[in-house]
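Asker: Relevant sequence annotations retrieved from TrEMBL are reproduced here:
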| type | residues | note |
| --- | --- | --- |
| DOMAIN | 2-79 | domain 'Threonine synthase N-terminal' |
| DOMAIN | 99-335 | domain 'Tryptophan synthase beta chain-like PALP' |
| MOD_RES | K113 | N6-(pyridoxal phosphate)lysine |
Amino acid sequence: MRYISTRGGMPPKTFTEILLSGLAPDGGLAVPESYPRVSPADMEAWRHLDYQALAFQILSRFMEDIPADDLHRIIARTYTTEAFGSPDITPVRTLEPGLHILCLSNGPTLAFKDIAMQLLGNLFEYTLAKTNDELNILGATSGDTGSSAEYAMRGKRGIRVFMLSPLGKMSRFQTAQMFSLLDDNIFNIAIRGVFDDCQDIVKAVSNDRDFKQQYQIGTVNSINWARIAAQIVYYFKGYFAVTQSNDQQVSFSVPSGNFGNIFAGHVARMMGLPIKHLILATNENDVLDEFFRTGLYRPRTTAETHHTSSPSMDISKASNFERFIFDLTERDATRVRELWRSVDKGNAFDLFGTALWIKAKDFGFVSGASNHASRIETIRNLYQEYKVLVDTHTADGVKVGLEHREPGIPLICMETALPAKFAETIQEAVGIEPSRPAGFENLESLPQRFEIMDKDANAVKTFLVQKIKHH
Ligand SMILES: *Cc1c(COP(=O)(O)O)cnc(C)c1O
C-alpha cells in the first residue's frame, strides 16, 4: 500500500516515507491509494482476537513496509495492560442494552489521544533508529495533545520534544501533568502569551525551511496518518464487543474537533465494518455540525472560536476534514485543490444543492452540537441513572448520540477523556469530586521543570539550538 496526497501533487510513497512528515509537499494530506477491504472470513476471524492481534491485522494493511516481526514487537510494546489499565485496552461499559461507552481514556494522560500517540512514539523511535536520524518535535498545546505527545516520546532515543504552552492558561492538572515530566528529552516552554501566540511561533519556526532542515524539526499533529490508522482498531474492537454476529449494524457517537477520531471511523466503514451512522458531535464550536447539517463549510476566525468547558474540541477549522472531502469527490484532487484554495485563505465553501451534497448522505454521517448547559445536564443524568461519571467531551458525544439513537441499532459512545481531568465541571454538575486513577493522587505536588519565555520566535530558536547541540 502506498500513499498519495489529497491535492494530487505527490508521487506515491511508502508508509515509512510519510510517517515523519506533516503536510504533503503540495499542501495536501497523505491518504492510502485505496482502502483495504475486509472480507467476511477476516471479520469472522477478527471477532475473536485480542487487542494486540487485532491491531496487527489492521495496522499491517496500512504499514506494509514494516516487517511483520517488527510490527508485532512495536504493537506488543505499545498496547500493554500496564500502560492502558486493562488487557482489553479499550473496554466497553454497557449502560443498558443497546447503549454503550467505549472507554478510550485509560492511557497515561487519561485521554483517547494516548491510543494513537503511544504507538507513534514507538514507530518514530523504530524508524529513526533504522536511519540513524534524530527528530526534534516542536509543538504548541493548550491541553491534551501536548501531554499525550510528551508521555509518548519521553525517554525515546533520537527524539526531543519542545512543547510550547501559554503560561498560566492550562488547568492545574494539565500543567502538572506536563511540567512534572523530568526526562532529559522533554522541554516544556511556557510562553508569556495565549495559545495562538504559541502556535504562531511554531509556524514561524516551521516556515524557516533551512532551520527546519538543519535541526530536523518535526511535528506530531492530528493529520499524521499513523494516528488515524491506530484509531481504526478500536472501532473494530468496539463493534465486536457489542455484537454477536457480523451482519449486525452499530452506530458510533464521536466528540469531534479536528475530525481525526471520527475520520478513523469513516475509514473503518470504508473497509467494510457495518457502521450505520457516524454521529458527529461538536460543542459550541460547530463548524463540522454546520457542514453535516447544511453543506456549508465555514472555518471560523480566532475571535469567533469559543473557549468552552470541553476545551479539546475548541477548534476553528478541522484539519482532517480535507481527507473526507477527497473521498466524497471520489478522490478528485483537482476539485479538492480548488475547494482548499478558498479554505486556505480562511473562506468558506458551500456544497448545498450540488451532486456532492446528495452523495454525502451515503457516508453515514449525522451530527449535532452541545452547549455547556446540555453537557452539565448529560453528566448529571448519566450519574443519576447509571451511576457513571463522564467528562465534558464524552458528555457532548452522549448528548448528541442519544438524539440520533435508533431502535435495534446498538449505540457506542466514545469516551475521549476521564472526568478526573475536568474536576471543576464535574463538581458543578453533580457536586462531587471525580476520583483519580492510581498514581495521579499527588500530581500537583510533584516537582516541575519548565522554561518561561517571551513570545519571540527567535528566542525559542536559540533555545532549541542550544539544547539540540548539548543533549
Ligand atoms: C482531541 C480530543 C477530541 C477531538 O478529537 P478529534 O480527533 O480532534 O476530532 C475530543 N475529546 C478529547 C478529550 C480530545 O482530547
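Keep in mind that glycine also has a Cβ here, set from the backbone N, Cα and C atoms.
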Asker: For the domain 'Threonine synthase N-terminal' (2-79), report the average pLDDT of the model, please.
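Answerer: Value for the domain 'Threonine synthase N-terminal' (2-79), mean pLDDT as a whole number: 96.
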Asker: Reported in the order helix, strand, coil, what are the DSSP residue counts of the domain 'Threonine synthase N-terminal' (2-79)?
Answerer: 35 helix, 7 strand, 36 coil
Asker: Can you tell me how many other Cβ atoms are located within 10 Å of the Cβ belonging to K113 (N6-(pyridoxal phosphate)lysine)?
Answerer: 30
